[in-house]
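Peer 1: According to TrEMBL, the protein has these features:
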DOMAIN    122-230  domain 'DUF7146'
DOMAIN    237-326  domain 'Toprim'
């Protein structure tokens, strides 16, 4: 019997509470929702899973982490719980949980080539938004990034500008929240360079800062395994969570290719370029960053890639760059890099 990712996702949603009791066991039910700390089963209340469909059309099995803005479905939860790097592994685990027969090798090969759509929007919708956006030169995007001590940007950077980008207010936004703001659009691509998603940062032209909304950053499209890629992939690269984190490192190491995973969850699941031999992991100074570093290091070791952590002085590398300055960040990074990489990539002052 053949079961597509969409069919399996729906079956998981039909059994949402059982899935939560198995993979998010440190949480608890509260009304229509299952509450837990995060997608890694940490105790707490930040992440909530909808257990039954809501009257306003919200589907069962969808989850949101209010602390980070991350969201997804129950297949994503199983991916994170199992540390899977491939959709095939997640589907196998989901079938075991649901007591479904595993597909034949021929069926598996056909099914695994299909990219499943994520609840945050389809890759096609992301591609349309990317096509409707414009280059960032001379726009609010460069002004905003300069205010974070980032720049100059490089030709080919996967950033765009949308003067009016729709914002869907959340329950945490007050009534009357403005529904369109300028936005920085970052392109999420796969290893072949195809756009699979976009990340939006809504901006306020008055303050030249993030827009005053509950969730000024949101992603849409197929994100798992992909990322926002700066520069051409090579033997030595750096990966981290945030776009501004990666741009901060690119400000002082402009020749080092970088990947922004957009969250700790997605950073841990990025797919490795075929030529990669050494990966610097630019972790944020929190528990999510530590967990992402641990999982990504383990995955890299399994395929013979050297993984080296980079630790910030403050909470992340943009805080370092903006708050402490480029010279201090260079001095802090130099001993964390391999000597040959520091000599080649670190942009030294003077």
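We count from 1, first residue shown onward.
Each Cβ is built from the backbone N, Cα and C atoms, and glycine gets one as well.
What TrEMBL says about a protein is an automatic prediction, not a curated fact.
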Peer 1: So what pLDDT does the domain 'DUF7146' (122-230) average out to?
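Peer 2: Mean per-residue confidence for the domain 'DUF7146' (122-230): 94 out of 100.
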Peer 1: Could you count the residues of the domain 'Toprim' (237-326) that DSSP puts in helix, in strand and in coil?
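Peer 2: Final tally across the stretch: 40 helix, 17 strand, 33 coil.
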